[in-house]
Amino acid sequence: MGAGGRMSDPATGGKKTETETIQRVPYQKPPFTVGDVKKAIPPHCFNRSVLRSFSYVVYDLTIASIFYYLANNYIPLLPQSLAYVAWPVYWACQGCVLTGVWVIAHECGHHAFSDYQWLDDTVGLVLHSALLVPYFSWKYSHRRHHSNTGSIEHDEVFVPKLKSGVRSTARYLNNTPGRILTLLVTLTMGWPLYLMFNVSGRYYDRFACHFDPNSPIYSNRERAQIFISDAGILAVMFGLFRLAMVKGLTWVLTMYAGPLLVVNGFLVLITFLQHTHPSLPHYDSTEWDWLRGALATIDRDYGILNKVFHNITDTHVTHHLFSTMPHYHAMEATKAIKPILGEYYQFDGTSVFKAMYRETKECIYVDKDEEVKEGVYWYRNKTENLQEEKTERIHMNDLKIGELHHRRVLATLSELPALAMTAMDVDTDMIQRKQSLYQSMDEMFEIQKEMYKGQQYSQIYYIRLHLIRTLIYSLLPNWKPHLPVCTVLGLEEGKECIIVGTLYKHMKLKPTILSEYSKERTVTPLVTPDNFVHPDDNLVLEDESGRVNLKGNVLSPSVYVTGNVVALHGKETSGGDFLVEDLLEAGLPPQSDLPNNSGEDKYVVLVSGLNVGSSSSNPLQLQLLVDHITGHLGDEKEQRSAAQIVQVVVAGNSVQIQHGLLNGQNLASKDQSKLSEPIKELDMFLTQIAAGIPIDIMAGYNDPANFALPQQPLNRCLFPGSSAYNTFRSCTNPHLFDVDNVRFLGTSGQNIDDLGKYSKAEDTLEFLERTLRWRHLAPTAPNTLGCYPFTDRDPFFIESCPHVYFVGNQDKYATRILKGSEGQVVRLICIPKFSETGVAVMVNLRNLECHTLSFATQISS
């Protein structure tokens, strides 16, 4: 590999002699996980202090102000010959201090400055703009660099060239003058060229620029903030222009541009040296995972500049493993993790100048090593036989199954060598994941401009009655055309008629707030049943004019619930009751035709109840699910099946927060960790999927979301890893969407669970069928199921019939086809709790057939 230079001992930090050769970093999957490494670090190292962070800002700016004062007031007084020496000294000193300021702004981009994202972004925007760095633009691209470190296909900066990507002209620069010239150009022009033209960055199929909001580097949700970054740069440039008008261009160049050139040089140098070393491996998509990629970096010794740069140089490994850790804890954390990392930790004490030259000489391109594993690349410098070849580029729209796991965040399955070996033997380059068209229709469930002004629930009941009664009126001519339609107030004794209204069920066992109190104390404790139906329950029908008790055997109180809108045929009795002889429901809504998918199988995976953080959660079976979806389990047949998965939906209850933590009180630091750890772990799993497959996550009863339906999307800030991908979507509960024009409607289970408490059915699927026939997703809301008091609509009204209707977090898997009188065909699905069953569901878009994926294990979580 053209080894040159020597590497210092990680254990002692001392420099090795020139006779000792560089030892390559192990490329095999490490015998530890991110969680193992984190447990070795004292918990306080993850705490961020606003005061302490600001103290470093004040300290750096104070030193910079002193240098400015000295240079501005005393260098002009020096003889010209001494001034020629003093100005470069000022540029170097001021540039080093301002590089430290950049490091603090860089921490803001990682959310390591404080616990407040708005404060981090404000400080980062101000400091970075002052150094002509587009804060948000860099923040997003740099975050992707951290997500893809070590990947030759998806890293964002200093992406090493493959041998086929190196031009034959490189041989003319592979000498001492050529290397010095390369370093000079890189250190002076590298940073602005990267920002403006993405030089040395990841390949994109069109022009990529950090100042362009439409650049392919950014997702749609990030583009607005790119404008803010540009505005910050323009404001600083305008200020510099005004200064030049007042003090002269020479003053601006000597006082500001000189130090800025040094800052830019250090930004390039630090990134270059921390990720470029003959001992570091790089990986293609068949081998890359997040942990090995994060370990493919190196700590270096910059002498006194380590402190000036806030230790970003000699704690870079820790920074890549835990980027939200503030710099003032990184040294302590690095010492703590060295014994865990062992030979996976690398430290090079070679002098900076010598390392610059050596890495420029030794690290020209990467190539496979025939002696080691396929998919692992090492730096080389042999340029004698290079041919002019087209650079090997891998486009996002050509993602293959082997690539879809390229950003795996959690390495927990080192116990599965047999499965891993099977997956490695498959020629994944020949397997391509299928694509699909997706459309979300959750607007009806979103609470955007709504504001609670004390309104009650009467309005939503009125809207429901109006909507469903209008539908029922259209059905009456074909049902009982000879009977008149009456209001409750217009009933006459003995006269047959039809009344339409909302049902209310009197329930003997229904709990109320008053049940907690009793006039007489009893020694017998109250027992809460799972189902509140009692033989003595009775139904009442209500419309705008009044209400009437219902009698007869046609309408069963055990089937219907408060909130149902129905039409009843009957007559008033002498006792003032209404004797029901027949009933009519709204029936299944109209349905669009199932699209013709030309015999091509595509699947949507439905899973719910991950319950990360609960005692029932099993990380092993969850990782198995992720590996199957991303195509890293099984033989070629199984991987080809995984390639047909085009969408994943997580239907609620993804995490389980410890009871008592969400009681509205301020939490201690250890309790804050208990609150955030399950969410972080969930984000790790979701990131692996979102790296290559569209994934929707719905809120559930246990999730950190609003309680009342419709639950709003989980805040994207909870998922910093997965939300970096535009394939990740946080959705409402209920969730309505189309995949290849196949309509899906689903909930996380609260509506069906509540029906199960206040009515009876043979199985859960019957509850799903009833809600469709009643044309309402949550008939018990707001009576016994919390919902928002809408005043202009009832979002739970079902206007069109879905092709697939699913409900999550059920005790067991169940499915059947429901057929309507007008040709409707609906696949009903109960998704079981994955944490308890290890079961996910696959739905075929071609014919609505579905089957389960079982990952149940006997290994304790």
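Any Cβ shown, glycine's included, is placed from N, Cα and C.
Remember, predicted model here, so these are calculated numbers, not experimental data.
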(request) Among 1-20, 381-400, indicate the range for which TrEMBL gives the feature region 'Disordered'. (result) 1-20
(message) Is it possible to list how many residues within the domain 'Fatty acid desaturase N-terminal' (25-63) are helical, extended or coil according to DSSP?
(response) 24 helix, 0 strand, 15 coil
(request) Give the one range among 180-197, 224-244, 251-273 whose Cβ atoms make the most pairs under 8 Å with those of the transmembrane segment (82-104). (result) 251-273
(request) Could you tell me what the rest of the chain brings near the transmembrane segment (180-197), counting residues at least six beyond its ends with Cβ under 8 Å? (result) 133-134, 137-138, 157, 173, 208-211, 261, 264-265, 267-269, 272, 356-357, 360
(request) Residue list, the transmembrane segment (224-244) vs rest of chain: Cβ under 8 Å, 6 or more residues beyond ends. (result) 125-126, 128-130, 132, 134-138, 140, 210-213, 215, 218, 251-252, 256
(message) Across the domain 'DNA polymerase alpha/delta/epsilon subunit B' (604-814), what does the mean pLDDT come to, as a whole number?
(response) 91
(request) Using DSSP, tally how many residues of the domain 'DNA polymerase delta subunit OB-fold' (456-582) sit in helix, strand and coil. (result) 26 helix, 38 strand, 63 coil
